[in-house]
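Enquirer: Below you'll find the structure I mean.
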Amino acid sequence: MAKINFGGVVEDIVTREEFPLEKARQVLADQTIAVIGYGVQGPGQALNMKDNGLNVIVGQRKGKTYDKAVADGWVPGVTLFEIEEALEKGTIICYLLSDAAQIELWPTVKKYLTAGKSLYFSHGFGITYKEKTGIVPPADVDVFLAAPKGSGTSLRRLFVAGKGLNSSFAVYQDATGKAREKCIAMAIGVGSGYLFETDFYKEVTSDLTGERGTLMGAIQGIFAAQYEVLRENGHSPSEAFNETVEELTQSLMPLVAENGMDWMYANCSTTAQRGALDWWKPFRDATKPVFAQLYNSVKTQAEAERSITLNSQPDYRVKLDAELKEMADMEMWRAGAAVRSLRPENN
Ligand SMILES: NC(=O)C1=CN([C@@H]2O[C@H](COP(=O)(O)OP(=O)(O)OC[C@H]3O[C@@H](n4cnc5c(N)ncnc54)[C@H](O)[C@@H]3O)[C@@H](O)[C@H]2O)C=CC1
Ligand SMILES: CC(=O)[C@](C)(O)C(=O)O
Ligand SMILES: [Mg+2]
Ligand SMILES: [Mg+2]
């Protein structure tokens, strides 16, 4: 593994140079990789693995998503099957149903996990919370995860563009002595850039914190707060949206992605630099207690409990859609739709 210094802490990283695609192909040559579920991660991972020359089949129940798999080029009876058939044919089972659905389908999956097969996850959820999920794999199968750090949609887009999303990987159970190399080969196969090692507990704990925090929950909260203050003080929706979201996503975050926050700062006015240098600490101090509360809620499994309970209800989709619509209907995001429609490339 490559030793990389991350801001003073040296970590072991797996890169595509030391574990090239060719090696992944060799490790997985005799495997039938069955991707179970074709939601968000399913398509990204399955298509990337197929394009990487791996032997992939998809298992998906009939319906709209099955039709999408057909439209993506999976052939019924050849590379696309009902879930149980794919479970039977697969030697590496990629369990890519939603975390709640994994609980429901587990008794079925377990039946097909015969000795020597592998069970692959993209999240530490099912295993870490096994008291709640009931997901306890047989002792004679390998169990590991590769978790792309981003949406399955981005995983596919970046792969097609010749780039790669970073993923974490972890081995939970090594029954064959080959779990680790299979795990790394899968992580490379799904189109990862570089890989960093973790364990199932740390993966799920950091992931749940991140998505509830800066990646999704906190960012929406901070956007809403600033937008509201601007509006309450007489600024127009377009002005409030541009100063809260549009400039960030279109201009400033790409600079952060390219060269870091200091470089983005360095490319803004001295006036902006002065103010932003003064204000980031009060924002940190105001939000840190909320992040501590969030981490605790993840650690005590309150977040897992809530997610399992609410996402397992039969009407969860209807309720979810209603909540997402409520967000879409916020003035801020309706203003955003108008702003996006005015981008030159959308005209
Ligand atoms: N969404 C994402 O981009 C990311 C997801 N993950 C993880 O990847 C795994 C898969 O997540 P997503 O792709 O978001 O899942 P998803 O919510 O898109 O659902 C995947 C599939 O589950 C199927 N499904 C749902 N309920 C079912 C049931 N009762 N019986 C049979 N099939 C059912 C759906 O038809 C769909 O094909 C999860 O462990 C998730 O935490 C990890 C990184 C990012
Ligand atoms: C995209 C991702 O990695 C998330 C936000 O953790 C998820 O979809 O669960
Ligand atoms: Mg994540
Ligand atoms: Mg997540």
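Quick reminder: no glycine exception, Cβ is built from N, Cα and C everywhere.
Feature list, courtesy of TrEMBL:
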- 10-198: domain 'KARI N-terminal Rossmann' (DOMAIN)
- 199-346: domain 'KARI C-terminal knotted' (DOMAIN)
- D207, E243, E247: Mg(2+) 2 binding site (BINDING)
- D207, E211: Mg(2+) 1 binding site (BINDING)
- S269: substrate binding site (BINDING)
Enquirer: Which binding-site residues, if any, among D207, E211, E243, E247, S269 have a Cβ under 6 Å from ligand 4, given in order along the chain?
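Expert: If the test is a Cβ under 6 Å from any atom of ligand 4, the answer is D207, E211.
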Enquirer: Whole-number Å distance between the CA of D207 (Mg(2+) 2 binding site) and the CA of the residue listed as 'substrate binding site'?
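Expert: Rounded to the nearest whole number, the Cα-Cα distance is 35 Å.
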Enquirer: Among the binding-site residues D207, E211, E243, E247, S269, which have a Cβ atom lying under 6 Å from any atom of ligand 1?
Expert: none
Enquirer: Other than its own, how many Cβ atoms are within 10 Å of the Cβ belonging to the residue listed as 'substrate binding site'?
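Expert: Taking every protein chain into account, the count is 8.
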Enquirer: How does the model score the domain 'KARI C-terminal knotted' (199-346) in terms of mean pLDDT?
Expert: 97
Enquirer: Using a 10 angstroms cut-off on Cβ to Cβ distances, just flag whichever of D207, E247 is the loneliest among these binding-site residues.
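Expert: Fewest other Cβ atoms within 10 Å, among the binding-site residues D207, E247, is found for E247.
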Enquirer: Taking ligand 3 as the reference and 6 angstroms as the Cβ limit (strictly under), which binding-site residues among D207, E243, E247, S269 are close?
Expert: D207
Enquirer: Tell me the Cβ neighbour count for E211 (Mg(2+) 1 binding site), meaning other Cβ atoms within 10 Å of its Cβ, over all protein chains shown.
Expert: 13
Enquirer: Around E243 (Mg(2+) 2 binding site), which residues of its chain at least 6 apart sit with Cβ under 8 Å of its Cβ?
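Expert: Listed in sequence order, they are Q226, L230, H235.
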Enquirer: Using DSSP with the three-state reduction, classify the residue listed as 'substrate binding site' as helix, strand or coil.
Expert: coil
Enquirer: Check the binding-site residues E243, E247, S269 for any whose Cβ is under 6 angstroms from an atom of ligand 2, and report them in sequence order.
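Expert: Cβ < 6 Å from ligand 2: none of the binding-site residues.
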